[in-house]
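Some features that TrEMBL has for this protein:
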type    : residues                               : note
BINDING : Glu115, Asp188, Ile190, Asp191, Asp360 : Mg(2+) binding site
Amino acid sequence: MSLVHPYAPLPLSRRFNGPLSSRFTRASCSSSPIRSSLPFSSEKAGFFKEAEVAVDAVERACRLCVDVKRTLLSNDHRILEKNDQTPVTIADFSVQALISLELKRSFPSIPLVAEEDSSFLRSGSLSSQKDGSYVGNFLVDSIVSTVADKASSNHEPLTSDGVLEAIDRGGKDAVSFGSQPATYWVLDPIDGTRGFLKGSDALYVVGLALVVEGKLVLGIMGCPNWKEKPLSAEDHNSDVSEFGIIMVSHVGCGTWTRTFLKHDSNLIGIEDVWERCFVDSYHLVHSARFCIPDSQTWEMIPLSVLFSSTLDPYGIKDEHEILLIPKCCGSLCKYMMVASGRASVFILRARAKTVIKVWDHAVGVICVKESGGQVTDWSGDPLDLAADTVDRRIIFPSGIDRISTADQYFESQSHGVVHKKYGCAPCNAARQSQTMYRYISQTPSH
C-alpha cells in the first residue's frame, strides 16, 4: 500500500518563504501568453527552467485532452482496446507524443520513461474500415493532427514518423540506465483512462515528474475536469461549471495549484494566482477522509478490522466509522486529493505479485511530500525508484501495499492488523487515540 502523511516537514532552509497559517496561500505571479508563470523564483528553484517547460507542456496536454474528449461521442474510432484489454484513446498517444516533443526540444539529453509505445499503432493486426482504408493510417494521421494543433509554434512540421518516434522515446526499449543514479522524466499521459472515457464526473490526470540522480525533484499534474471550486476562482464572475487545475511541486519549494477554467469545452488559463497546498491537518484516524482504488472495497483494507466506512459525510455515527471519498479514476487523482488537502489518506492494496509502474506514482509522491505528507509502503519504508536498474519502469517493492497519508503513520503486524499509529499531532492527541483503538501500540515519543 502507499501512504501519504505529513509528519516530516521540510527543513527550514528548504521551505518556501511564505505564511503557513492557512491550508492554501495565494502567490501573485506575472502572466505570460505562452509560458505559465511559476509560484517560486528561479533563485529558490534549482530546476526552474525544467518546471517552466513541464508546466507549459502539461497544460497543453490538458487542452488536447479536452478537445479529444469532445469528439468521443461522435467518433467510435477514438476509443480503442490495448492488448491488455485496458481502454486507450487517441489522447493517450497524442499526450505522450506532445510532451515528448516539448521536453526533447528544451532538454534533448534527458530521457523519458512513459507508459505508451507505438507498437499498437504500428501493428499490422488492425482491421480495415468498411471503405477499405487502413485504420492504422487513420489513427496515426489523427494523432499527428491532434499533436500539431497543440505543439509549440516553433516546432518543425510534424510527420507520422516523427510523432511515432516521439511516442517511442518513452517506450520500454528506448533507453537502458544501469545501476547508477539516473536522471529522467516520468510520464503518465492519462492516468484514469476510464475516467477520461466515463464522463465529466470522473477525474483523469496528466502526470509528469523529473528524477535527477535518483531523486524526485519536480512534479506536475494536470486535471482538466477538477470540479471543486478553488479560492482563486471565487472572485471571477463566470457561468463556468467546471474547473481544471495544474499542480506543480518542486523540491524545497512546496506544492502549488492554479486554475484554468473550462468554458464551452475550452480551457482558459488563469496564470497569475497560485495557491500553496498543505495536506489535511487531521489528528485521529476516525476524523480522516480516505481514498481507496476504484477496484477495491473498504473491507479489503487492514483498517476495516477497526473501522467501518461510509460515503455520507453527514452520516458518520461514531469514532469507529470513517469517511470514504469516492473519486474515480486512477491513482494520481487520489494523490492530488491528498496533496491538496481534500483527502487525508490514500491506501492502495496491491495484489500479490502486482507490478507497480513508476508513472502511476512518481509525480504523486513528490506532490504529497512537498505539501507536507509522505508516501511509504505499509511498513513505513520509502518507495525505491531505482529497483528496476535497467528501465526504471517499476517501483519496489512490487506487490506491496502503499499508503499515502497526510498525518498518520501506520504499520501492520504479520497478520495484517494495524498496531501502530504515529502522527505529527501533539503527543496528547496520540495518547487519546491509544485508549480508543485496542490494536494500536504505544506511540513513539517526539
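Backbone N, Cα and C define each Cβ position, glycine as well.
Same-chain residues at least 6 positions away in sequence with a Cβ under 8 Å from that of Asp191 (Mg(2+) binding site) are, in sequence order, Tyr204, Val205, Val206, Gly207, Gly330, Ser331, Leu332, Cys333, Trp359, Asp360.
Long-range Cβ neighbours of Ile190 (Mg(2+) binding site) (same chain, at least 6 residues apart, Cβ-Cβ under 8 Å): Cys65, Thr89, Ala91, Asp92, Val95, Phe196, Tyr204, Val205, Val206. Taking each Cβ in turn and tallying the other Cβ atoms within 10 Å, the top scorer among the binding-site residues Glu115, Asp188, Asp360 is Asp188.
Using the Cβ center of Glu115, Asp188, Ile190, Asp191, Asp360 for Mg(2+), the list of other same-chain residues with Cβ within 8 Å runs, in sequence order, Leu187, Pro189, Gly192, Thr193, Val205, Gly207, Gly330, Leu332, Lys357, Trp359.
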